[in-house]
């Protein structure tokens with residue numbers, strides 16, 4: 001392995017996923033969400049799909065950290081970031097105490113997402129960082145915007161059903177935590193070849209999240225092909241804010 005070239009991973013991830021951001025901004029599910037066109041029937045399915053994704057992501061991150069993976073360990077914050085307990089709380093709200101028995105199974109895109117996480121965890125666990133970066137930093141940023149829209153659109157008293165977006169164990173501000181996370185990215189022990197793979201995997205993460213949204217669009221009766229998605233020029237200012245590299249949100 002070439003000598004580690006620390007200092008630019010956060011920047012490289014941001015700059016290397018710009019094309020994916022442009023595509024993500026045009027996902028109808030998100031733009032409709034931001035305009036208040038979201039129902040509990042669809043939203044709760046999204047929560048189910050995110051449960052499956054985070055179940056696998058957090059399992060693989062814990063395994064990599066337990067194995068002392070030198071890239072994952074400094075970027076593993078289970079206390080502050082893990083979403084599975086919050087997602088379970090939301091699923092109990094939407095489906096009742098027997099939610100595990102009645103929740104829908106994985107959509108094709110969700111199954112592919114979970115399979116990718118399992119594959120990466122087994123073959124190249126350092127790349128899990130690209131998925132953690134894409135998901136968690138988005139949840140901390142654009143996710144907070146989506147939380148407000150969800151509460152308003154679905155008239156959720158006291159914000160019930162949106163625990164997924166709450167990071168109560170982060171003692172600092174979200175911005176301060178994200179800044180610290182980016183510093184940890186820049187201090188990661190990765191060389192130029194590993195950085196390239198990390199950026200490529202972050203783009204895969206974007207694609208997987210967009211596919212998950214497309215499945216939800218199909219459930220809503222708004223199917224959109226991948227080629228159409230990539231070529232769309234629709235821009236939404238608030239959606240654009242959500243999908244920048246430190247703000248991407250899939251839930």
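Backbone N, Cα and C atoms are what each Cβ position is placed from, and that goes for glycine too.
Feature annotation from TrEMBL assigns heme b binding site to 14, 21, 133, 182. According to DSSP, residue 21 (heme b binding site) sits within a helical segment.
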Inset, instruction - Write out the long-range same-chain contacts of residue 133 (heme b binding site), meaning residues 6 or more apart in sequence whose Cβ is under 8 Å from its Cβ. - result: 13, 75, 181, 185, 202
